[in-house]
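Colleague: Can you read through this structure? Questions will come right after.
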């Protein structure tokens, strides 16, 4: 298994937290596409959305995604699956893991988080969730993490990765 492991899922699904633990366990680098995009633009994502728009961010996100080619754990932004190009890239070049989670659990985690530009209202978030879920399901491994601790999720994922 010498290719990237892409953690995908909706906002609040635990990608950032799990990526750190998984990277440590596998002794590989960890990348966060949102953080890399912020570094390239030298500003926060919410400011990129506000000043340059979502489409600019999505182009930047693709550039960042395709720049990571080594064996690593990659925590992706929640919207990375919107572009078919990104989904195809991840499926071809790595192992795609969808961290699925019950909507109400996700909403409880993200409501009121001012760093998430698309999480303005429950109605908006519900719409995004329903639009994106079928896209997330285009993956190699789908895990429902609703009732799992981060450590339990890590253990299950490590076992799943043995098949690759």
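In case you wondered, yes, glycine gets a Cβ from its N, Cα and C as well.
Not measured: the values here are computed from a predicted model.
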Colleague: Do you know which of 34, 102 TrEMBL groups with 58, 78, 132 in the substrate site?
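Modeller: TrEMBL lists 58, 78, 132 binding substrate, and from 34, 102 it also lists 34.
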Colleague: What count of other C-beta atoms do you get within 10 angstroms of the C-beta of residue 12 (ATP binding site), across all chains shown?
Modeller: 22
Colleague: Once the DSSP letters are reduced so that anything not helix or strand counts as coil, what is residue 17 (ATP binding site)?
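Modeller: Its secondary structure by DSSP: helix.
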Colleague: For the substrate site made of 34, 58, 78, 132, how many Å separate the two farthest Cα atoms?
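Modeller: That value is 18 Å for the farthest Cα pair.
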Colleague: On a simple 10 Å Cβ count over all chains shown, which one of the binding-site residues 15, 58 is most densely packed?
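Modeller: Counting Cβ neighbours within 10 Å, the top one is 15.
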